[in-house]
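Novice: Submitted below is the structure of interest, expressed as structure tokens.
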Amino acid sequence: MMIMAAAGTESPNKSTEDKTSARRQNEVNRKLKYISLAILVIQNASLILSIRYVRTLPGDHFYTTSAVVMAEVLKVFTCLVIVLIQERGNVKSFVSLLYDSIVIQYLDTLKLAVPSLIYTLQNNLQYVAISNLPAATFQVTYQLKILTTALFSVLMLRKSLSKIQWISLVLLFAGVAIVQVEQEGGKQKEALTSTNQSYFKGLVSVIISCLSSGFAGVYFEKILKGSSASVWMRNIQLGIFGTVLGLLGMWWNDGAAIAEKGFLFGYTPMVWGVIFNQAFGGLLVAVVVKYADNILKGFATSFSIIVSTITSVYLFGFHVDLIFTLGAGLVIGAVYMYSLPKPNASTSSTSTSSSSHSKGGDPELDAFLPNPKAPGMKKGN
């Protein structure tokens with residue numbers, strides 16, 4: 001009887017402790033979500049604004065092709081360090097894993113040559129676009145990557161979109177079109193004051209960048225779903241091709257000038273900041289996504305457009321009128337609408353989420369933060 005009484009007194013205490021622990025965990029998760037939102041907004045807005053700033057400063061400019069190569073090298077180095085940490089500092093195991101993943105499974109590695117080529121092209125085109133377009137205009141127009149990604153997902157991955165998502169894509173296209181019409185009206189005036197900038201060149205660059213971003217992202221996701229390798233290893237493989245292809249592009253476009261002036265010509269602390277942001281930004285966001293859902297990511301993208309626009313007004317003298325506000329508003333609303341969960345999936349979101357994580361179905365989460373206990377996944381990878 002005494003044992004039973006003791007057990008009975010422990011149960012309420014344990015229940016209270018569990019509730020307190022759950023409450024603390026919820027509080028921590030809520031704080032992490034707000035921190036994640038801040039990081040996503042800062043990364044999205046700062047990269048565009050900083051590139052625009054360093055490319056419009058007077059004086060000698062750095063070669064964008066060398067910046068793309070440097071970002072790839074830093075990305076590969078970072079991923080190598082992470083994989084080494086996952087192997088608990090065991091150099092022999094680390095080298096063996098790299099040899100097996102890159103050399104032995106060379107056919108698997110070669111699959112990444114296609115997205116690597118496209119990502120290298122995209123990174124170079126981003127510099128061209130931001131150098132020729134106002135930061136706010138680029139930020140709004142670049143959201144077309146949502147449209148291209150959705151279309152390629154439907155075609156290549158057989159994904160289905162809800163009615164709200166289709167409507168949001170129409171609104172997205174309409175919003176971008178309105179912004180372009182508004183910018184077309186002021187293009188001649190801008191051309192007179194910015195003789196070294198070409199609005200048409202920037203527009204074509206951002207459109208091609210959106211197309212390449214959509215295709216490469218979906219292709220990369222398709223590869224991830226058919227492999228147990230972590231995205232850290234995938235980024236090493238991507239980075240190897242990206243570095244080689246970036247060097248070829250650099251030699252083709254700026255080879256003679258870089259041979260004369262040097263690889264690091266025009267590099268300032270601000271330029272290094274842009275390169276580090278570009279190299280680590282994507283990896284950082286991928287980790288942050290662990291604490292952010294799609295709605296939060298959509299809100300962060302929308303808010304970053306607002307931040308970029310407001311900053312551009314004060315930093316670059318960008319003029320915001322009613323038409324631009326209407327177009328940007330449509331884009332912001334469309335981004336948020338597209339990120340909303342499907343109505344028929346809302347009731348089973350918890351079970352779907354847990355099953356997708358256990359199967360490694362979320363390439364942004366499971367691959368960047370691999371579970372060593374997952375079936376078919378090697379230790380430390």
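Residue numbers in this text run from 1 along the chain shown.
The backbone N, Cα and C atoms fix where each Cβ goes, and this holds for glycine too.
From TrEMBL, here are the annotated features:
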type     : residues : note
REGION   : 1-25     : region 'Disordered'
COMPBIAS : 15-25    : compositional bias 'Basic and acidic residues'
TRANSMEM : 34-54    : transmembrane segment
TRANSMEM : 66-85    : transmembrane segment
TRANSMEM : 164-182  : transmembrane segment
TRANSMEM : 202-220  : transmembrane segment
TRANSMEM : 232-252  : transmembrane segment
TRANSMEM : 264-289  : transmembrane segment
TRANSMEM : 296-316  : transmembrane segment
TRANSMEM : 322-340  : transmembrane segment
REGION   : 344-381  : region 'Disordered'
COMPBIAS : 346-358  : compositional bias 'Low complexity'
Novice: Counting Cβ pairs closer than 8 Å, which of 66-85, 164-182, 296-316 has the most of them with the transmembrane segment (34-54)?
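Specialist: The listed stretch sharing the most Cβ pairs with the transmembrane segment (34-54) is 296-316.
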Novice: Among 66-85, 164-182, 202-220, 296-316, 322-340, which stretch has the highest count of C-beta pairs below 8 Å with the transmembrane segment (232-252)?
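Specialist: The listed stretch sharing the most Cβ pairs with the transmembrane segment (232-252) is 66-85.
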